[in-house]
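Student: Take this structure first; my questions come after.
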Amino acid sequence: MDSSDLDKGLTIDDIVVKCIQSFDKDGKLSDPEFVQMFLMMHPWYIPSGDLAKKLSALSESGDNVERERICQLVRFWISEFPAEFDLNPELGEQIRDLKRALENKGNRRESNLIDIESVPSYGWKRQVTQRGPSGGRVRKTSLLFDHLDPAELAEHLTHLEFHSFSKILFQDYHSFVLHGCTVGNPVLERFIALFNGVSQWIQLMVLSKHTPQQRAAVIKQFVQVAEKLLQLQNFNTLMSVVGGLSHSSISRLKDTQSHISPETTKVFDSLLELLTSSDNYARYRRRFATCEGFHFPALGVHLKDLMALHVALPDWADKAKTIINISKMRQVYKVVHELTEAQRLEPPVKANPDLLNLLTVSLDQYRSEEEIYQLSLQREPRARTTQTNAKSPPSPSPPLEEWASLKAKPDQALLCQHIEKMVESVFRLFDEDGDGHISQEEFQSVRSNFPYLCAFNEIDQNHDGKISKQEMTSYFQRASSVLDCKMGFIHNFAERTFLRPVSCQHCGNLILGIYKKGLKCRACGITCHKHCKDHLSIECKKRSKSVSERGESMEKGRHFSFTLPRSFRRSTLYPDLREEEPQLEEDGVFDDRL
């Protein structure tokens, strides 16, 4: 079969026959690339179970030579894609039936070629938790993000993201391309959430500092992290870090910019140029093509390639959908094969399990774009213009590009598991006297890991001057469930007259009386006694009043924003962005605590 026949397209039956005939009597392949391509890509056109049935039928009707070639093909299929046989029980059972049928007919030589029982378990590829054995006691500063060596932080981020990347299978890419979202695709959904989590965490770590000098120091540290990521050839996390540093919530901080050195600016500009989307990410593609050894692709770029191919080229070469478009199959295979080959490489880093637990919890604490931007405004308020009545349009995130709509909230059960592990790690590393409690002095070290952690006495529920494991776990779980893993607002309380019984959200007792005996938040509507106000642990979640340009109510869809840098020129670390006019809000002031 020459190349012209392939260009015209082939039916599935023709391709199956071609794959079988690619094996000689000694089991050697004449066209291994084509066979591997079809075995990887076949779920795009036919379920794996149906392919197994076709092979069984051909084995039943064929002669001894053809049966042996079929068994060689099945053997090659299992060796190249073992996870498919473990994670698809129906497929595994059909191959066992084929093996038993061969044995029953006395074809033991052919039957022995099929060894499905040796396939290891790949259940870990469908799990979205970050698991690891507990390590020994390490130096305390290894868990302090303010003092953590940038190279060490880059290595741990690489370990965390690559572990998530290694779980992605062909079926995940296929589902994403077909549906344009991650519905029913938790592994890819988790990976994208982690990508966005790194970007948001960087913004929050910068904004957690109260002075421009401190924020500039954090930015410098993350630029150094980005440099190390480039050395590791980890382009995916590099893109997330660069996206976080170039987000509008950071780029608008002009006072902070003035404290960033020209050297740091130059390094950051070079990273932005590398990841620019100009000429379809040409600079990134050239750099990635020269990589040797471990390399972690910027998955967002390659997913865009898959989406573009799927939209531009048809799956089938005929209207009846019987002839496969081989040209499209080859191009899609090239993209996916490059990703799967990268998954086979182990990152040259060693990770501390305790630090991974802390990072996992930190990256899972979701905030909205609006909340982060409001915190940015709190750090450096807008400069008022002379035109007080006119409002400038909101500034977009300059180097970020919204390109995928996917979305999900963090899994509360998994988050609770991470919280429990994190608390164990904190006590093992920061409970210096080993008394099972965190003192106020030890708490200051813990707080360096969580800049939005509330005050000591709010976690110390029994007010005995020390925090137990139960109290810390309870706090994080309460914050996770009540606040939905989001930062809140300070309540804007006003005295109210209640004409019917209302419960206090702190103590649970009724607020009695008609002469302004209670308080009610103007923003979220929560109620409490006056004397309970300062003890209220529930933060304000402002009720949405957002409407579209058409005046319709806008509900947040279920989507992730997997963001990639755009093409743009820069002479400084951040562009000169035009600020919006301040909006008068009487509902509340943004609070930067968890």
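Heads up, the Cβ atoms here are built off N, Cα and C, so glycines get one too.
According to Swiss-Prot, the domain 'N-terminal Ras-GEF' annotation covers 3-121, on the basis of sequence analysis. Residues or ranges marked as domain 'Ras-GEF' in Swiss-Prot: 149-382. What Swiss-Prot lists as domain 'EF-hand 1' is 418-453, and the listing cites sequence analysis. For D431, D433, D435, H437, E442, the entry in Swiss-Prot reads Ca(2+) 1 binding site. Among the features that Swiss-Prot reports, domain 'EF-hand 2' is placed at 447-482, with the record citing sequence analysis. According to Swiss-Prot, the Ca(2+) 2 binding site annotation covers D460, N462, D464, K466, E471. Under the heading zinc finger, Swiss-Prot lists 490-540.
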Student: When DSSP states are folded down to helix, strand and coil, where does D431 (Ca(2+) 1 binding site) land?
Tutor: coil
Student: Going by Cα-Cα distance, which of the binding-site residues (D460, N462, K466, E471) sits nearest to D431 (Ca(2+) 1 binding site)?
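Tutor: With Cα distances computed to D431 (Ca(2+) 1 binding site), the winner among D460, N462, K466, E471 is K466.
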Student: Determine, using Cα-Cα distances only, which of these binding-site residues is closest to E442 (Ca(2+) 1 binding site): D460, K466, E471.
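Tutor: Closest by Cα distance to E442 (Ca(2+) 1 binding site) among the binding-site residues D460, K466, E471: K466.
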Student: Taking the centroid of the Cβ atoms of D460, N462, D464, K466, E471 as the Ca(2+) 2 site, which other residues of that chain lie with their Cβ within 8 Å of it, listed in sequence order?
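Tutor: After dropping the recorded site residues, what remains is H437, I459, Q461, H463, G465, I467, S468.
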Student: Return the member of D433, D435, H437 nearest to E471 (Ca(2+) 2 binding site) in space, with distance defined Cα to Cα and candidates limited to these binding-site residues.
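Tutor: With Cα distances computed to E471 (Ca(2+) 2 binding site), the winner among D433, D435, H437 is H437.
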Student: Please tell me which one of the binding-site residues listed here (D460, N462, D464, K466) sits closest to D435 (Ca(2+) 1 binding site), measuring Cα to Cα?
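Tutor: For D435 (Ca(2+) 1 binding site), the closest Cα among D460, N462, D464, K466 is found at K466.
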Student: By CA-CA distance, flag whichever of D460, N462, D464, K466 among the binding-site residues is nearest to D433 (Ca(2+) 1 binding site).
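Tutor: The smallest Cα gap between D433 (Ca(2+) 1 binding site) and any of the binding-site residues is with K466.
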Student: Treating G and I as helix alongside H, and B as strand alongside E, what does DSSP give for the domain 'N-terminal Ras-GEF' (3-121) in helix, strand and coil?
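Tutor: Going by DSSP assignments, the domain 'N-terminal Ras-GEF' (3-121) contains 86 helix, 4 strand, 29 coil.
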Student: Please report the three-state DSSP label of K466 (Ca(2+) 2 binding site).
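Tutor: DSSP assigns K466 (Ca(2+) 2 binding site) to coil.
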Student: Would you say which of the binding-site residues D435, E442, D464 has the most Cβ atoms within 10 Å of its own Cβ?
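Tutor: Of the binding-site residues D435, E442, D464, the highest Cβ count within 10 Å belongs to E442.
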Student: Taking the mean position of the Cβ atoms of D431, D433, D435, H437, E442 as the Ca(2+) 1 site, which residues outside that list, in the same chain, have a Cβ no more than 8 Å away, listed in sequence order?
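Tutor: The surrounding set, listed in chain order, is F427, F430, E432, G434, G436, I438, S439, K466.
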Student: With H, G and I counted as helix, E and B as strand and the rest as coil, say where DSSP puts H437 (Ca(2+) 1 binding site).
Tutor: strand
Student: Across the whole of the domain 'N-terminal Ras-GEF' (3-121), what does the mean pLDDT come to? Round it, please.
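Tutor: Summarising the domain 'N-terminal Ras-GEF' (3-121) by its mean pLDDT gives 91.
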Student: Work through the binding-site residues one by one (D431, D433, D460, E471) and point out the residue whose CB has the fewest other CB atoms within 10 angstroms.
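Tutor: Output over binding-site residues D431, D433, D460, E471: least Cβ neighbours within 10 Å is D433.
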Student: Among all protein chains shown, how many Cβ atoms are found within 10 Å of the Cβ of N462 (Ca(2+) 2 binding site), not counting that one?
Tutor: 9
